[in-house]
Each structure stands twice: as structure tokens, then as C-alpha cells.
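Here the structure comes first, spelled out in C-alpha cells, and everything after it is commentary.
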């Protein structure tokens, strides 16, 4: 009896990267991306008007699409005649209500927790200077209650990763304070609040390092030591690299230890970041290439370290060697069959390549992003999966559109203020857009 061959997670990558070495080369690519955005938004708007989304969460619901529109407002402005991104963003925010206090502490991050709409609403008001009657009272209450629950002590520990836990909440607070809004009480994002959350993350990381006998920090999610960006170590470290300098400097040696640990694990696996570390140091050797669990998350972390802490980056040659190794894996194996999403799909892998800012990898990222036009629900290439939430920010078209906009900003050599980074992770510092 012969065993069935394992199903491939990806298609062999035969895509040809476009030439982007000069601005004349880039103009045609930018035009193709602009047309893709316009076509996708036309289709998406017809769907959102039908209220087909059953969730008000950032990850899979209308709130995430609202955040996409705010990013387009910042990055593309009035590029499309008659399209007012800020108006579209406002329409998709649901009526806010105070959360259930008994469940708040389980998911304190805005991405999967109950405070996502409140954060997006408040950030919209800040960015658009829309304080006619002061900041939204319910949004302020939701965020304040979320903070109180996160900083309190419960029998069930709060997770620490980006999608559910402290790292996601920390990133939201950093973005709230990025523009120092005078209309909002600064105690929501004070140094003390940020320092307390960082302290909780670091304490848990040290406990995890002791439990798993690792050289770097380690955190658990549901008793599993994940290493990737959205559920584990790489994402937590990416967020920590963007906290205020006076808080980052004292913990920087341990973050560097952790990045080296991830690099060592990845190099042992030929450029594949294991999804988790098992008990007694056994490393799971799988070849997942997606931001939530695999090598693309490490690529974003390394790009963030190089950009924000260049001296520490230059002092360790392993970082640069690993970045190139991982980027090659993401390019070769990143044409994944899960579809076009930014969490576990092609556009997320492309975004990791974009984050490097290197011409070579940006060109390859663009090749993946343009290929995503043919994937469901935008195209009819049924080799690729239709996402469960096909229009959402993390699984669907909204995330792909955000990635297209980020690529345009990079190709146009815009100022760093317009480079917003991957939702929930950033990589460029907090810009007020999550």
C-alpha cells in the first residue's frame, strides 16, 4: 500500500520580477497597481453595501476594511477622482458599545479583541482632526476599560502575542500616542502605561526562556511556544523594537539574544523559521511560508532591526546573512495556495519582501502582488483558495489593497511618513494607523 504524497502548500515560483531600477521603469508598475486598486475597490464597495460581513472585528470584519481606507487616505490621497477614502472609512465603523468586562482580558489586542472598533474610531478622529464634539465618549470608555482589564490580574493569564495579547495592545497604544493628540487624555498612552505593558511582556518572556531553556525570550500561546509574527516571538520583538528609546535601550540586549536565537533556528532549517520550539529544545522542522507562523515574520523583524537599530544590526553579521537566506525562501516558496491574504497568503509574503526596502526584493514582492490579481475573489485562478472572509483585512482583498498601496509608496520613493508597514506589526515605527 503506497502512502499518499503530501499536498504542496505552494506553486513553483516562475514569476518574472519587473524592472524597477529607474523611475521610468517603475511608472508602468505603479500604473498597474493603481488600476488593480481601483478595480478591487469597485468590487469591494458593491459587497460592503450589502452588509455581507458578519463581524465587527479588525481581523475579518468591516472595521479592518475601514482601517484599509484610512491607510489609502494617508498614502494615496485624492489619486482617484471622486473617491473619498475617509468617507468610506467612517461608514464602516459600527455603533460602539461597552464590552463585556468578563471577557475583555482574554483578548486585549484590538485585532481579535473587542476594542478594535474603538481604536480605529479614535485614530480616525485624530488623523482627520474630527473633534467637533470632542473625542467619541464610547470609544474612550471602551479603550479605558480594555486597559484596566489588561493591567489587572486575572486567574487566566493574558496572552502576549500580537493578535490576541499584550503586544497587539501595545502597538495600538503606540499608534494612539504617535501624533500626541491634545484632545485625548494622555493617561491612555502615558509612559507609565507603556512601561507597565512592556514589563509584563518582558517578565513573561524571561519565564518562558527559563521554562524552555532558550537563549532568547520565549512566550506561549495556549501552552505552545510559537515563533512567528502574529502568534509568537518574531511579532512580539518587532513591536518591542518600536517602543520609546528610553524603554527599549535597557531591554535591547535580550531582544538581540532573541533575534539571534531565531536566526540560528532558521539557518539550521535552511531558511525556514520553525513554527514553534518544542519541549527540551526540539525544533519543529516544517516549511510553512506565511507571516503568521513562518519565515516572512522573521524577515519583517530583521528588516525592522536593520532600519531602527542600525548599529546593533551592523555588529552581528549573522543578521544580514539570515535576511538574505530568508528572503530567498519567501520568494521561492511564497506563491502559496492559501490565496491572496496578508495573514497566510501571497500578499503577506510579498509584504515581508517589501519591508526590506531592497530593490531586488521589492521587485520580487511586486511580482507576487500583481499575480494576486488573478486569485479568488478577484480572479478565477482556482488553484488558489477563496479565503473564508474574502474581503477582510487579514484574509482577503482589503489586505491585498493595503499591500498594493504600500508598494506604490515604496516605488515612488515617498517619505518614510507614508510607509506604514504591515498592520499590527509596523516596522517603520508607529505612524498612527495601526
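Glycine is treated like the rest: Cβ placed from N, Cα and C.
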Problem set entry | Matching residue for the Zn(2+) site, where TrEMBL names 343, 344 - out of 292, 316 | 292
For this session: Please report the number of other Cβ atoms within 10 Å of the Cβ of residue 292 (Zn(2+) binding site).
Result: 24
Seminar exercise, completed: For residue 343 (Zn(2+) binding site), the same-chain residues 6+ apart in sequence with C-beta under 8 angstroms from its C-beta are 59, 230, 290, 291, 292, 394, 395, 399
Problem set entry | Other CB atoms, at most 10 A from the CB of residue 344 (Zn(2+) binding site) | 24
